[in-house]
Structure formats: C-alpha cells, structure tokens
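K.L.:
So TrEMBL lists the following for this protein:
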type: COILED; residues: 227-254; note: coiled coil
type: TRANSMEM; residues: 358-384; note: transmembrane segment
type: TRANSMEM; residues: 396-420; note: transmembrane segment
type: TRANSMEM; residues: 440-465; note: transmembrane segment
type: TRANSMEM; residues: 477-501; note: transmembrane segment
type: TRANSMEM; residues: 507-529; note: transmembrane segment
type: TRANSMEM; residues: 562-584; note: transmembrane segment
type: TRANSMEM; residues: 590-615; note: transmembrane segment
Amino acid sequence: MIAKMKKLNLVGMAYEKDAVLNALQRTGAVEVKLHREEEHSAPLPPADGTLSAYHASLEDALERLTQAVNAYRKEHKGTARPEKDGFEVSYEEFMAAANDRARMDGLIARVNALTDQKAEKRALLQKTERTLHAAAVYRTVEEPLSSYRGTAHTRVFFGTLPFNAWENILEKLPALAEGKELAKEDDEVLVLLVFHKSCSEEGEALLSGTGFTPCPFEGEETGSALYARLKGECEELAKELDSLEQETAELGGETRALKIYCDYIGYEAEKAALDEKLRGTERTFLLEAFVPGDAEELVRRELSSAGTVYLEFSEPAEDEEVPTLCKNNAVISDFESLTNTYSVPNAREMDPNTVMAVFYSVFMGFIMADIGYGLLMMLGGGWLKYKNRGRKGGLGALAGVFAIGGIFAVIWGFLFNSLFGITLPIPTLLPNAQSDMWPFAGIGIPAVLVIAMLLGIVQLLAGYVCKAVQCWRRGEIVDGILDGVVWAVFSLGAGLAIAGLVEEWNIPILVTVGGITAGVTLVIAMIAAGRHEKFFGKLSKGFGTLYGIINYMSDILSYARLYGLMLSGAVIAQIVSQYAVGFITGGGVLAVLGVLLMLVGHVFNLAIGLLGAYIHDARLQYVEFYGRFYEGEGELFVPLGSKHEHVFVKPYAAEKSEKKSGAAAPARA
C-alpha cells in the first residue's frame, strides 16, 4: 500500500538548526520540501559549496586509494582487500565520524602525496627505461662513447641503422670510406662509418633516408658502463615505486573508516544544501517537510529533545505534489523496484505492486517451467536475499524476485512434468509444449500457446478491476463501472469464448455465453465512451472504442511471448540433458564430459532464460497490465540523510530497540 503523507511545518531557533536536522534524520521519516513563501521571512542564503567540494576531494582520494590497493593485490597475493561498499554501520558509529576529521585529513594528504610521488617515479622510470632500451645496442662498446669522433681529415658516423639498410650501404661505400658493424640488437645494427673529408657529403647523402640514428649519448662513459648505470637506475626506481605502492596498500585498512567519513561528509553537505529549501527570520528558521502518517509520533518524540521548536502536522493540499512511499511486506517490497524502473506510482493512486507481483511471479515461473531450474532459483535467490537482508532494493530485491519466481517455476514444472528437461515417471497434467496441438476453431495451434493467451486475458481482466478500484477510491463510482467493470466483464466473456473454441475441451456453450457477454459489454462500452463529450464526440469515441478491439486482440497476442520463451528454454534443457545422460552412461572420460555438459549447459540455459524472463515479463506488466489503469509519474519519498554512497546505516529506531532489549535481558551466571 502507499503510505498516507502528512505535511510538517516547523519553526526552530537558528542556532539549533543543526540539532533539529539531526533529529529529523534519526527518524528516517522526513523529506524536506521547498518552503512556500511566508510573510516576514526570507530564503536562507545558499551554501557556499565548501562542503560539497571537500566531499568531492574525499571521494577522489578514496577512489585513488581503492584503485591502488586493488592493483597491488593483483601482484601480491595475501594483501588485505579494501572494504566493499554496502557494509553495515550503526547510527552511533556513523555520527561519530564527525570526530575523525583530523585523522582523515591526514590520511587523505598521505594518499595524495603517495599518489603524486608514484606518478613522478613512474614517469621517471618510463623515461629511464626508454633510455635503457636505446642504450642496449651500445652495451658491448668498451671505449668511451665520446671517442668516436672525426679528425682533421675524417668524418665519423657512429649510430644505429636498420639491418637491411646496412647491407645496402656497405655495397655503396666510396673508396675513401670504411664501415664496421659493432653490435646487433633486434633488427638494428650499431655501425661505425669513417669517411674522408673529401667524400663526407657523399656519406651524408648515402645515409639520408636510411633510418640512421646518431649515438644520442655523450660523455666519457663506455657503452657497457652506461648500460649498467641505466639498468641500475631502473632497478632502483622500480624498488622505490614498489615501496611507495606497498606503503599505499598498507593504507587499505583505512578504507572502511574513510568510506564512513565520506558518507558522513556527504550527509553534512546535504544538510548544508537544504538551506535553499528553508526560510528564516533574524533568529529562527522555517522548515516544511513530508512525513508518513504513522511516523508522526516518532518525529514528535525525537524533536522534543532537539531544542525549542514549534511544529504542526496537517494534510497536504489537493494540488500539492506528494512523494510516494510504498509500505508492503518483505515479499512484495522486492517487486517495487520493477514498478519504479517503469515509473514511480503517484502518491494518490492505488499501489499496483501486490497484484503485479502475483502475475510477474506466475509468468516468470511459466517461462522457466522446470522443477530443477525453479529449485536453483529458490536456492540462489534465497541465499542472495539472505546476504542482503535488511536492505531495500538493489541486488537483494532482484534475488527475492527470482526466488519467488522459482516457487512458481517448480509448480509449473510439476504441471508440465519437467526436471532439467527430463520427463519424470509421474502424471503430466498439462500439454507438452513441444508437441501437443489443440484444434482451435478448426485450426491446430500449440496447446501451451492457448494457455499463455488465456493467462494474458486473466491479467487484462485484473487490470480493468484495478481501474475500477482506483476510480472508486476517488469517489468516481460511475467511471469505475463503465471504464473498469464493463471492460473486465468483456475480458471475461472473451476468455470464455476462446476457451469454448478449444475443441479439445468440448465446451461449446462457452462460445455462446462468452460471445454474448463480450458483445453486450462492448456495446455498453461504445455508448459510454463518449459520455463526457458532445454529440459528434460521442460518435467518434464510440467508434474509436470499437476500433480499439484490434488493439485489445494485439495485447492478448503479446502474451504469446510467454510460450515462445518457455518453448526455447524447454528445448535447450531437453537437448542438454539427453546428450549429458548419453555421455554419462558411456563411462570413463565421457562420463566426466557428460557431467560438465550438464552443469555448463543448464547454468547457461538458466541464465539466458532468467534474462529473457526478467525483460519480457516486465514488458508485459508495463505495457499490457499497467496500460489499463496505471498513472505513475510519482516521486519516491527520500528521507533526509538516507542516501549513502558506501555504507548502510542501521536505522536508529532499530538500533535503539536492540539496546533496550539488551539492557532488559537478564544477566547470566
């Protein structure tokens, strides 16, 4: 159900604003809204952005530290991993992060300094390695590199050449020139060319365009000494860099505290940004907020100890945009994220999640329709749900959806008699999806396709019932009957007629009953369609309703995707099991291959099946079901201080009750 909201108007002393906001945050039940214009008050000056900038710098340093630690862990097994996001902290621990500023600032400064030092060392190492690579070809030269110079009568070319170019040059050397190969490295050769001054220009022309690179090194060092020195420098720089990386990795143990502190500063920045929504006088501040009706007493109790405040709860105005808070049991709440992905419910409409959850689960089970797959969904989804217990949304919610879908997959699996695609020695209650055909109005069509379309009609009928309920909740009794009940009865008639056309069932009376029911209700719907229009509008609306039957039939055919997805998964499961069992019965190596095929094949089929079921099942809910009544376009209720990037803060009320129960527990001897 969607919680009924109340509006909180609060006036407090300006110097107690922070304490009041903390009290509101503790409740986890207050969303601050933009305050309306109020006489004798003015908007508070906006925050200067200092906290937001500080928070951004913290997040940047945290990302640097996390990346550095993870990179170091890849090279050094056994290094402690940084704390993953989503860990739980108590409310007291979260608020105590306010006292960690000095320590965290020191940590951030150290992380930034180490990051800069590593960048500097890494750049220097890369530069030295490039120089070392260039010096490799000179490492056999035992004379000072500066000694390879020309004389008064000669010109010397000392450097490297591509190997192919060197062979061509040797063939074209002038008579007054000499060339010698000193060393070879990869596809380059170190050469010494000596030309008489009279033919030095000819030597330049000969080397031009050959890729000749003069020796870039000067000084009295020999080639071997130069190479040894550069190699030593590279090794020393690598050690220094590794030491810096190790020192950074040792700070990985601080990621938990840093993440708590980051989220705490994020909360402080959120409070500072609230000034744009508040108003104030010389000594007071004015605040408006939305509070769930059942949290009114909790808010009053927390504010009573926060300072001197005046507060008043009232009903929101009819034209006021109210945030949406769905309050459902643990099972249904997992399905809320599916609806929110499409559009958040409007706070003034009915909560569609309960009805949608039933159909979504039934359809997901129908698509999977296998006992084995259903059990895996229940076990895997249940385990992930348990690991994420106490947290709303996210992976835990998706796991819960798959677990519930697994229950229905097991039920449909028994009805279709399928265990990993293998037929069990038990009665089969429903037709075979791959082979059974039902004569339908003289035409043979897949039996399971008929079942899928009948399931679709049931959901469309439920959608029209929801439309009626939504209208009645608003006092629109006639609209509920004509726009909801009439079309629900039409859907019932259409479903009965389709069932009667199935010759396998041999209930021809259903065609007559269903046809008459659908026909009468269609006429009523055509007459009622233009009830709010003038004469020509009534005619156009009526004929538009008749034309809309085409869309209605198209919507029914959309449910054929249930059959298609189920059939593809069933065929793959059967093929995998048949081949795997054949290999296993062969013994030896074939048995091992059979087990691997069974595992890999069914895991792959399950994953692909779940992906298809998740997407196409959701599409049926969004378009076919919600298209009948759903309005959406709401805004989720987001309490003050409830959005955290890294941590899950245990609700203050739950923590408080645990402490009370712990204090009341009798001491053990």
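Including glycine, each Cβ sits where the backbone N, Cα and C put it.
Predicted automatically and left uncurated, TrEMBL annotations should be read as such.
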K.L.:
Taking the transmembrane segment (562-584) as the reference, which of 396-420, 440-465, 590-615 gives the largest number of Cβ pairs under 8 angstroms?
P.N.:
590-615
K.L.:
Do we see three or more Cβ pairs under 8 Å linking the transmembrane segment (590-615) and the transmembrane segment (440-465), pairs being at least 6 apart in sequence?
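P.N.:
Taking Cβ pairs at least 6 residues apart, the transmembrane segment (440-465) and the transmembrane segment (590-615) are not in contact, as fewer than 3 fall under 8 Å.
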K.L.:
Residues of the same chain, at least six outside the transmembrane segment (440-465), with any C-beta under 8 angstroms of its C-beta?
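P.N.:
Same-chain contacts beyond the ends: 355, 359, 362-363, 366, 430-433, 484-485, 487-488, 491-492, 494-495, 498-499, 501-504, 552, 555-560, 562-563, 566-567, 620, 624-629.
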